[in-house]
Amino acid sequence: MAEAVLRVARRQLSQRGGSGAPILLRQMFEPVSCTFTYLLGDRESREAVLIDPVLETAPRDAQLIKELGLRLLYAVNTHCHADHITGSGLLRSLLPGCQSVISRLSGAQADLHIEDGDSIRFGRFALETRASPGHTPGCVTFVLNDHSMAFTGDALLIRGCGRTDFQQGCAKTLYHSVHEKIFTLPGDCLIYPAHDYHGFTVSTVEEERTLNPRLTLSCEEFVKIMGNLNLPKPQQIDFAVPANMRCGVQTPTA
């Protein structure tokens, strides 16, 4: 029993990217859009990936990457965001050698376009791309190659999910994406979402499979709830989406 507990404790340390773990993980927050940005690095090779950077906090991210002695290979987006402008474009200029990455189905510009099943490699690690459309057609979830953690974007939030009433969203598609691409991961796989509005930072597949108030419903009930949310549109959508279609590079003013 003691050995089993120790193995679990060691795995949890590894999953969280603590000082004794081979992978480095940092979770950062942008308060205006309540967006999480994730830095993952291989402590051995010093190669790193940044998930869902925000324009306003990209200089902060670049500074941290330099302080930690990492080399950023990719600035990746889980989808074309509507509530903030991505920092991918700025990071390409702040950290030469960094490439922007987004799903091909997003229709957005990037250095590299990915599809379901593609891997993003950094050092000894890789992020598996799992298409998880529904919030938008181009949404993806990034799963670490040992299935210890998943970065779910807006597809799956902690006790919630992304909305489906704009950007060609589809509630039925989202329901099946989460159940087939995320809930099939191990129960102790850590869930790291793109946003949280209630002070939470992380969940697990098992927690969301059993406790998520929307996604524990039937598909029919889920579709009905999502169709009756009547939420206001994101404040930045009119300029965030066009900018994000250009990798966060805004049109120069005359």
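In case you wondered, yes, glycine gets a Cβ from its N, Cα and C as well.
Fe cation binding, as stated in Swiss-Prot, involves His79, Asp154; the candidate among His135, His176 given for that site is His135. According to Swiss-Prot, of the candidate residues Ser19, Ser119, the site noted as phosphoserine is Ser19. The N6-acetyllysine entry in Swiss-Prot, when matched to the candidates Lys66, Lys224, corresponds to Lys66.
The shortest Cα-Cα distance from Lys66 (N6-acetyllysine) to any of the recorded positions (His79, His135, Asp154, Lys172) is found for His79. Residue environment of His79 (Fe cation binding site) contains 28 other Cβ atoms, counted within 10 Å of its Cβ in all protein chains. Just so you know, the Cβ of Lys66 (N6-acetyllysine) picks up 13 other Cβ atoms within 10 Å once every protein chain is counted.
Annotated pair His79 (Fe cation binding site) and Lys172 (N6-acetyllysine), C-alpha to C-alpha distance, rounded: 18 Å.
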